[in-house]
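Over in TrEMBL, the protein carries these features:
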type	residues	note
DOMAIN	27-509	domain 'Major facilitator superfamily (MFS) profile'
REGION	51-104	region 'Disordered'
REGION	523-557	region 'Disordered'
TRANSMEM	139-157	transmembrane segment
TRANSMEM	164-185	transmembrane segment
TRANSMEM	191-213	transmembrane segment
TRANSMEM	225-244	transmembrane segment
TRANSMEM	250-269	transmembrane segment
TRANSMEM	338-356	transmembrane segment
TRANSMEM	362-385	transmembrane segment
TRANSMEM	397-415	transmembrane segment
TRANSMEM	427-446	transmembrane segment
């Protein structure tokens, strides 16, 4: 509790905490825009083959004469007649006499621009045989998020949270702006990949920097505030996409603001916890005294000196020089169990979440409206999650959010396809639960890992989550074999993960661990005591019960 006591002594949640937390969280408003941007910039409008250049020069060569129709009477999207059609077409695109044949679209496509004036699909013809390239762009973005979680998570533990946050803001602003001016599809994909790398750095460093400057009792509130900011960003995206349909303008609008956050991020104060864990007690003192002045506690800051810090933070200093690498996640028994359990949670949450939110057009309603609904459901869902985390604990909140999400998605798999309203409602409810799960797991993971491993642990968790987001489009392809297959898969995974979440220790009211050794000493004995108690219960069937006091004393040791 030493560092937490120092924060309380210097004002607790004072002017510094309020100002820095607000400025750190503000850029998260556009995180949702970048994550789900391709719902709008890569939307697929109605389209059909472009007739030959001279198709409208004579009556029998009108453009419609080249277009076969599907069973619903709509023009086929990817086929046209090889010669103008002069009779009633069959659904398969041939003339009644069977002499007409079809071919792919050699002259390109004509798109319906009534909803989307331009997208990357219409600009680079990512339809029909090239349709998979649209998903490739989103997958590469998620690969970038994965790389950023690994690389920037590691650098933040080595170089500091503030430096990596500044770099991430600049990279996101620059790469997003360049994507808006990309001259070709490969260039666009490259810049989107870099945007994904930067977004990981912004997300992880923002969460850690805020958490390490806040007292214990405010950690859940700050985590929930960040989650609500992300949810509000979904409303912002829907509004911007509706007001500014051209994809290049929309891409630019969600990227340029990060140049502003890059500038003011230079004024952030580095985490004093990180300074201490890195053995830089002199910088810890300067940071704490600066915070004291901002919080109008100059007298309390003046009381601090190197001797006071050495005395108060003796434990952190004695163990803080142990530079734990990512391999420690598998080498240490308590860390290994923690890493494996959290990996399942991260994968399941991201896997199911992106399986729902990245194909809004599949629901058959306005994607702008659905984007607003998906954002709106987060507000009550995250409020309930916050109350559960604050009152019941992190573990019950995590278990409940995953379990309810899985049940909603599984139920969607058995609802008939024609009941659009019911299926959409279940999807929206499941999405709200998964958003709550994301909100909880960020806080839960940060509280479980020690300071020297916290950023790396969050980075590894985010890495595993990216595997889930990359895998979700592949699972969606199983709908070609069985329409309900994706729902069953997307639902079963979070249900199974909820059982794994029950194995994790509770962190409500506990101080943040500072070292790997502290984590081992805190959680490993709890596991051994639990094992001893189970052995005791078995032996009680054959032994005369001991007195309660003797029983506790003997088995606890």
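Every residue, even glycine, has its Cβ placed from backbone N, Cα and C.
TrEMBL: automatically predicted annotations, no manual curation.
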Exercise. With pairs restricted to those 6 or more apart in sequence, evaluate whether the transmembrane segment (427-446) and the transmembrane segment (250-269) have 3+ C-beta pairs under 8 Å.
Key: no
Quiz prompt | Leading stretch by Cβ pairs under 8 Å, where the reference is the transmembrane segment (362-385) and the options are 191-213, 225-244, 250-269, 397-415 | solution = 225-244
Quiz item: Tell me, what is the mean pLDDT of the domain 'Major facilitator superfamily (MFS) profile' (27-509)?
Solution: 80
